[in-house]
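Encoded as structure tokens, the structure appears first; notes follow it.
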Amino acid sequence: MTSRPKPAAGAEQPGGGREKYKLFQRKSYGQNMAMQDFHGNKPEHEGARDVEQGGNGDRYNHNAHKVEKHIEPDGESGRKWLHPIKMFAIMGRSSSKVSMMTNVLWPFTIAAMVLHWGFPEKELWIFITAYIGMIPAANLVGFAGQELARKIPMVIGVVMETTLGSIVEIVLFMVLIKGDKAGENIHIIQAAILGSILANLLLCLGLCFFIGGLFHPEQTFHEAISEVGSNLMLVAGFGLVIPTIYYQSLQGNPEFAGQDFNKGALEISRAAAIILLVAFLVYCFFQIRSHHGLYEDILKADEHRDVDRHRDLVKPKLTFTEAVLAVLVGIMFVSLMAIFLVQNIEFIVTHHGISDSFMGLILIPVVEKAAEHLTAMDEAYDNQMNFALSHVLGASIQTALLNTPLVVIVGWGLGKDMSLKFELFDAVVLILAIMVVGNFLRDEKSDYLEGALSVFVYVLIAVSAFYYPSPPELAGGTEGGGEAAHRLLKFS
């Protein structure tokens, strides 16, 4: 004897609620799939939601789960509070196959902690295990952020996901500037700022274009995402390099021989930090408040481009409590791995000849941004290019307009000379990278060729960074280009 399924709450007659829901689900999914070719024009069925209104006013989502107040239907899990076994099972499955495969690297995370506290003399192995162990920890932050973002309005959720990815960077910047004694940590912060932006704009965006282009001949995205993002990055790049241009223009001029322009560059950096921070607040207001409807429509339409969306909707989801807890645990592990990395870079650079430019511009940002990169590449694979661009450009914008001004202002308050006086090589590379990406975004289309070209540009920068010498005042007369990195990356 088989038991009949219970009718959904609020059903009008016994046994009829489930049949009614199935009919609704088929109709809603057909309407939503009509949105997948969206490119600037609103489709006929835009805004169709996989949600049913019960007879008593309750809402039920695609899985017939009652939708709680203040929770979006796509994020409703059907459960409350904390269920450890289900929570770990959902986190283990992650958001995609590639994301799930990173979970096999968790033993490296544990090994890094054991080595750090039990065998501190094993610097090389601590660095290796922490570097690899950063990947699953960053993936956990990304997945938990996605789960949490599902439960709140879409535009705010995307901004929150990007901000979560920036928390580790902010923590690292604050620890480095707080522990700075004589300016030795300032240079690694500057390298990390540029390295983070370059990794997002060239490597991550290039991989998104390449992976998406392999499975979709030509992908499109909305101008509101690409134009606003690229224009903001150009303005941000201009603000970041102004102190460098000021210093380089005057310091080598014979007419001003003997004068020190470091103080002027520092004051300009602090003014630029305030202006960039205001620009970030205006951008947030534009995206979340004044033009919220535009971004909401674009992202909703992009969400329905994914042909596997119906499978994604029925996957078990974390509760709000579980998602918040997972985010906190992920941030804790990522922060620990990042601290272990920078504490042991002295040994790696001194004994293994890795240049400080290569370490700061390439190695650290690549692994630090692993979560955002995996998320964006998975979205590009699913043909959700507006989501992918929102994450990639959003992360770069936050680094340039939020994280950088914050560390300059905090350094100002602590009496540290945290300026934006970069090496001329770094400043030129940054502006050229922004121009390259802006040109690729101009036609609102992408393919695997543009992706490959972006990655090639990043590889060229990586090769140049590997051979770029350290500043003479930091190298201290040592041989090679990377002997000063141990001073740049060491915590006090």
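Note: Cβ is positioned from N, Cα and C throughout, glycine not excepted.
TrEMBL annotations:
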REGION    1-60  region 'Disordered'
COMPBIAS  39-52  compositional bias 'Basic and acidic residues'
TRANSMEM  100-119  transmembrane segment
DOMAIN    124-288  domain 'Sodium/calcium exchanger membrane region'
TRANSMEM  125-143  transmembrane segment
TRANSMEM  155-177  transmembrane segment
TRANSMEM  189-216  transmembrane segment
TRANSMEM  228-248  transmembrane segment
TRANSMEM  268-286  transmembrane segment
TRANSMEM  318-342  transmembrane segment
DOMAIN    324-465  domain 'Sodium/calcium exchanger membrane region'
TRANSMEM  348-367  transmembrane segment
TRANSMEM  388-412  transmembrane segment
TRANSMEM  424-441  transmembrane segment
TRANSMEM  448-468  transmembrane segment
Under DSSP, the domain 'Sodium/calcium exchanger membrane region' (324-465) has how many residues in helix, strand and coil? 119 helix, 2 strand, 21 coil
Cβ-Cβ under 8 Å with the transmembrane segment (100-119): same-chain residues at least 6 beyond its ends: 92-94, 125-126, 129-130, 132-137, 139, 333, 336-337, 340, 374
When you scan the chain for residues with a C-beta under 8 Å from the transmembrane segment (125-143), skipping those not six or more beyond its ends, what do you find? 91, 94-95, 99, 102-106, 108-112, 115-116, 119, 161, 164-165, 168, 326-327, 329-331, 333-334, 337-338, 340-341, 344-345, 347-348, 363, 367-372, 374-375
Long-range neighbours of the transmembrane segment (268-286), counting only residues six or more past its ends (CB under 8 A): 159, 228, 232, 235-236, 239-240, 242-243, 246, 397-398, 400-402, 404-406, 408-409, 412, 418-421
So which residues does the transmembrane segment (424-441) touch in its own chain, when a touch means Cβ under 8 Å and the partner is 6 or more beyond its ends? 190-191, 194, 197-198, 201-202, 205, 209, 221, 226-227, 229-230, 233-234, 237-238, 240-241, 244-245, 248, 361, 389, 450, 453-454, 457, 461, 464, 468
Intrachain residues whose Cβ lies under 8 Å of the transmembrane segment (448-468), provided they are six or more past its termini: 198-199, 201-203, 205-214, 355, 357-358, 361-362, 423, 425, 429, 433, 436-437, 440, 481
For the transmembrane segment (318-342), distant same-chain residues with Cβ under 8 A (at least six beyond the ends): 71, 77, 79-83, 87, 90-91, 109, 112-113, 116, 126-127, 130-131, 133-134, 137-138, 140-141, 143-145, 147-148, 151, 164, 167-168, 171-172, 175-176, 188, 364, 367-368, 371, 489-491
